[in-house]
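K.L.:
Pasting a structure here, questions to come.
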Amino acid sequence: FCYLCCVHVLACCCGSAACSCCCKCCPKIKQSTGTRIMYALYFLLVTVLCAVMMSPTVEQALKENIPFYAEFCQTVNAGEDCKTLVGYAAVYKVCFGMACFFFFFCIFTIRVNNSTGCRAAVHNGFWLLKFIALVACCAGGFFLPNESTFLEVWRYIGAVGGFIFLLIQLMLLVEFAHRWNANWYSGVKYNRLWYAALAFVTLVLFSVGVGAVIFMGIFYTHPEACLLNKIFLGINGSLCLVVSLLAISPFIQKLQPNSGLLQPGVITVYVMYLTFSAFSSKPKEMVVIDGVNTTVCVFPFNSGTESDKKIVTGLGTVILFGCVLYSCLTSTTRRSSAALRVCRNTEPETEVNAQPYQEYDEEQTGSGQNVVYDEREGTIYSYAFFHFVFFLGSLYVMMTATNWFHYDNHKIEKLLDGSWSVFWVKMASCWVCLILYMWTLVAPIVCPKRFVA
């Protein structure tokens, strides 16, 4: 059994066979799922490497615990104590390599429609060779000429790509709100209790939104400071009210009978979350109160000890990059791809083929996990778009890890500290989300021919 498992692992790493676990007790895995998991692991490995490169704590630990650390750095021409392998410049170079890797596969897999061709075989297999190629791409970034020019140009490319990544997620959020409302409205035909469910969830969403406005009004504003917080909290709250009234207005209801308060409820909660995140990311403000400099417009929470702060920062970093990885995977499903390419009122293709497992080709791997080949007739997701989203995700990770445009003296331990770059990115995301949702409401009025069934 061990021999068969080793043979299967070699076929996966160096051939076109799909990857699977060596444990027989593991449930069946689809070829498409296994492939996406493997690319996600590659993405996660490079993301962890970027976090390490931006952490002086890890750098100091390596220096203290690795024997002959200084000699090793000199041997590989990495500068004194490997200074060229840490900092924002190193993260830019590594993410450049990862972005090139995914961009190449994006071009390579254009118009791949099934898993039987040679290009699909490369996409779904040869994992060891692709890992070596990824390492070579990341290492190659350190040998680029004209480093200062490269970093300056790549910074702006990363900012554009990172914001496009955010835009894709916002578009999918709006689509999710519409799809949720449509699905629950369709349930009303079979059970009137769906109306009660819709009303309850809508009430909860708007209660959370109003509560968030009150919370931020109490803790993130001050009579003598935080003018931007007051202005943007009023603007974002007012815009949420406007889109809510627009969604239930008679002329919108006439063209979109299913339009209701559930969708603006989802958008309101997300916009309030982004507003809260933007306020938390803004540099702290100080005012003189009773002759003492006092930090204002922050949540009154003190970690107490340095170890507590490290735990909070570490947990926040893991959650942040976990959300990025989740966004990369969910935005490349068949349903999400369709939502980004067709009109909203077009029914996207189902994500899961209706055929049961037994009708797919299944590979028996002896002592290992069984693989279901679910893409014989056609691909479950767009290979090219999958790699394109991971390409954008690479740029977003690069900009996030280096604090966007405030990269000087930044370190991963300060990822949750404030900066104006992060503040404006998140605030702009609020407005883009509201504009996108508003467009989905008025688009049938502005372009009626496109929405005629």
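Every residue, even glycine, has its Cβ placed from backbone N, Cα and C.
Below, the features straight out of TrEMBL:
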SIGNAL    1-19  signal peptide
TRANSMEM  37-55  transmembrane segment
TRANSMEM  90-113  transmembrane segment
TRANSMEM  125-144  transmembrane segment
TRANSMEM  156-174  transmembrane segment
TRANSMEM  194-219  transmembrane segment
TRANSMEM  231-248  transmembrane segment
TRANSMEM  260-279  transmembrane segment
TRANSMEM  311-329  transmembrane segment
TRANSMEM  380-401  transmembrane segment
TRANSMEM  421-447  transmembrane segment
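I'd like these features described in context: how deep, what's nearby, how far apart.
P.N.:
Listed as Cβ neighbours of the transmembrane segment (194-219) (distance under 8 Å, sequence separation of 6 or more from its ends, same chain) are residues 181, 184-185, 187-188, 229, 233, 237, 240, 244, 260-262, 265-266, 268-269, 272-273, 275-276, 279, 297-300.
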K.L.:
As a test: from 90-113, 156-174, 231-248, 260-279, 421-447, pick the stretch that has the greatest number of Cβ pairs under 8 Å with the transmembrane segment (125-144).
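P.N.:
Between the stretches 90-113, 156-174, 231-248, 260-279, 421-447, 90-113 has the largest tally.
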K.L.:
Which residues, given as numbers and ranges, are at least 6 beyond the ends of the transmembrane segment (90-113) yet have a Cβ under 8 Å from it?
P.N.:
43, 46, 49-50, 53-54, 84, 119-120, 122-123, 133-134, 136-142, 144, 150-151, 154-155, 158, 161, 378-379, 383-388, 390-391, 394-395, 397-398, 401-402
